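Colleague: To start, I am sharing the structure in question, which I have written as structure tokens.
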Amino acid sequence: MVIMVDKYEALQDLMRRRGFVWSSFEIYGGARGFYDYGPLGAIIKRKIEKKIREAFIREGFFEIETPDITPEEVFIASGHVDKFVDPLTECKKCGSRFRADHIVEEVLGIDTEGLSAEHLTQLIREHDIKCPECGGELADVWYFNLMFETYIGPYKDKKGYLRPETAQGIFVNFKRLNNFARNQLPFGVFQIGKAYRNEISPRQGMLRLREFSQAEVEIFFDPKQKEHPHFEEVKDEVLRFYPIENQLKNLGMIELTLDEAVKKGYVMNTFFAYYMAMVKRILLDIGIPANKIRFRQQLPEERAHYSSDTWDVEIHSERFGWIECVGIAYRGNYDLSRHVKESGADLTVMIHYKEPKIIKKLKISLNMKRVGPKLKGDAKRINQKLQEMTQEELKKIFEGLEKIGKVFLDGYELEKEDFIIKEVEEKVHGEKLVPHVLEPSFGIDRPFYLLLENSIVMDEDSRVYLKIKKDMAPIEVAVLPLVAKEPLTSIAYEIFRTLQKEGFIVVYDEKDTVGRRYARYDEIGTPYCVTIDNQTPEDNTVTIRDRDTREQIRVKIEELPEKLRELIFG
């Protein structure tokens with residue numbers, strides 16, 4: 001336990017002191033839930049984003065970029081205005097506010113996931129739970145919307161929100177994106193950007209932020225075509241699963257190939273399974289150890305309002321336990337259907353049949369001679385409405401007429417005789433459908449922190465350094481003259497400039513002893529130091545020192561860029 005605390009504190013110190021991450025607005029006392037990326041942290045963050053971006057571009061996906069500020073109508077349609085909430089309570093004495101479920105969970109040691117505000121209030125009263133700040137009485141629990149509210153323009157009649165997810169920017173653009181994809185399913189679209197959640201009480205440092213970065217991928221597909229064409233390439237990939245059944249029975253994780261997971265019913269289909277493999281491979285490519293990754297199926301009460309099945313991809317932290325870093329959610333057609341309903345836009349895809357089909361269709365219209373005098377000017381409008389109804393809507397009218405002999409339509413009571421009902425046969429060449437969506441959603445900040453936590457090494461000789469995956473290092477090469485004297489400095493600087501032009505992230509450093517400089521660059525994860533010593537002017541060679549082994553090899557200067565490229569990028 002002591003080693004764990006020391007490691008955590010050493011990492012916090014390293015991140016602040018060496019320019020990875022620090023609290024935002026420090027000179028004004030800071031603000032909880034906000035962090036700034038320093039020069040080294042920003043490089044690693046961009047490298048994580050690059051790994052994700054390149055992986056999905058290789059799959060043939062499209063990237064877009066949409067605004068952070070979004071009109072209220074979008075989030076009314078998506079359900080976020082009503083459902084993106086957390087339970088909140090307030091101390092009646094000191095006015096402090098807290099996540100009610102967190103307080104109850106900490107005091108009673110129970111799982112509060114999915115408990116209603118009323119149930120949480122009941123537990124607070126039954127167990128006389130008090131304010132953790134002053135011991136005062138807590139108010140009844142209510143729901144607090146986590147979106148940051150704002151206004152678009154100078155007037156308050158146009159409400160907006162900072163987006164809580166990047167996904168909606170993709171969904172509202174579906175019509176244009178579908179045209180870009182030439183009306184062919186499946187296709188994928190991703191967006192990397194900021195999202196915002198006004199967390200009630202952000203805790204655990206970088207793991208719970210009010211402003212954070214996401215990479216969300218929306219894969220649109222025909223729900224009748226749930227098999228991925230390239231599943232054979234990944235079916236033998238072994239993943240660690242923690243399905244619902246094992247959680248409820250305390251059975252622990254199981255290791256299965258993706259093929260086994262699909263056949264045993266843990267994963268719904270090969271389409272879902274393929275992207276599980278892809279997510280795992282991206283995390284490995286970032287540098288997360290395989291034994292620190294697991295796939296945990298969310299319990300029904302944990303799922304977001306739009307999800308019918310979600311697997312969280314979690315990374316293990318020595319200090320915080322298993323941390324959700326990626327969510328893979330089956331969103332069905334929830335989002336697109338909601339936007340169709342609220343906006344009236346046509347967000348369907350035309351699926352063409354291989355051969356035309358003959359289908360039976362119900363057609364209902366008004367018997368204008370009979371209803372004309374009764375409906376008067378509304379008859380034409382109601383008849384047009386009937387022509388625009390879906391088959392499902394027409395079937396409901398037909399069933400109502402068959403059961404009780406009448407229906408109510410736009411305020412009028414109409415009998416079966418008021419309609420002309422026909423069943424006709426039509427030759428159709430395809431059908432329109434609202435696509436379903438599978439969403440892998442990556443956090444960026446959590447994998448960033450957990451990459452560093454899993455990379456920090458504390459040697460027995462008190463050496464602290466980042467054993468980060470070599471191509472993820474913020475500084476890839478340090479060029480060091482053995483001493484700050486000519487001709488070593490001139491040669492070293494020329495090598496530094498050459499490596500810059502070759503595309504390496506490289507620094508030149510001639511200050512302090514070479515031992516101190518090695519330690520300085522080991523600490524921030526620089527995988528290789530190139531040293532120009534007294535032998536260099538004689539034979540045009542330099543040493544390359546390995547961060548992890550501290551061993552050195554000599555290479556000719558002209559071979560240096562290619563050798564470093566091989567060592568760092570493989």
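Backbone N, Cα and C atoms are what each Cβ position is placed from, and that goes for glycine too.
Per Swiss-Prot, the feature substrate binding site maps to ARG99, GLU165, PHE212, SER213, GLN214, ALA215, GLU216, GLU439, PRO440, SER441, PHE442, GLY443. Annotation comment: Swiss-Prot describes 197-199, 207-212, 324-325, 443-446 as ATP binding site, evidence class sequence analysis.
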Colleague: Tell me the Cα distance separating ARG99 (substrate binding site) from ARG210 (ATP binding site), rounded to the nearest angstrom.
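Modeller: With distance taken Cα to Cα, ARG99 (substrate binding site) is 15 Å from ARG210 (ATP binding site).
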Colleague: Roughly how many Å separate the Cα of ARG197 (ATP binding site) from that of PHE212 (substrate binding site), to the nearest whole number?
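Modeller: Rounded to a whole number, the Cα-Cα distance is 8 Å.
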Colleague: Using C-alpha atoms only, work out the spacing between ARG208 (ATP binding site) and ARG99 (substrate binding site) and round it to an integer in Å.
Modeller: 13
Colleague: Using DSSP, would you call GLU199 (ATP binding site) helix, strand or coil?
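Modeller: Where GLU199 (ATP binding site) sits, the three-state DSSP reduction gives coil.
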Colleague: Across all protein chains in the structure, which of the binding-site residues CYS325, ILE444 has the highest Cβ count within 10 Å?
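Modeller: Comparing the binding-site residues CYS325, ILE444, the most crowded Cβ belongs to CYS325.
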Colleague: Are there any residues in the same chain, six or more apart in sequence, whose C-beta is under 8 angstroms from the C-beta of GLN214 (substrate binding site), and if so which?
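Modeller: Long-range Cβ contacts: GLU165, THR166, GLN191, ILE192, GLY193, LYS194, ALA195, SER441, PHE442, GLY443, ILE444.
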Colleague: How big is the gap, in Å, between the Cα of PRO440 (substrate binding site) and that of CYS325 (ATP binding site), rounded to a whole number?
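Modeller: That separation, Cα to Cα, works out to 11 Å.
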Colleague: PHE212 (substrate binding site) to CYS325 (ATP binding site): how many Å between their Cα atoms?
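Modeller: Distance (Cα to Cα, whole Å): 12 Å.
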Colleague: Using C-alpha atoms, which one of the binding-site residues GLU199, CYS325, ARG446 comes nearest to GLU216 (substrate binding site)?
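Modeller: Closest recorded candidate to GLU216 (substrate binding site) by Cα: CYS325.
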Colleague: Using DSSP and three states only, what is ILE444 (ATP binding site)?
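Modeller: The three-state answer is coil.
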Colleague: What is the Cβ neighbour count of ARG208 (ATP binding site) at a 10 Å cut-off, with all protein chains included?
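Modeller: For ARG208 (ATP binding site), the 10 Å Cβ neighbour count is 17.
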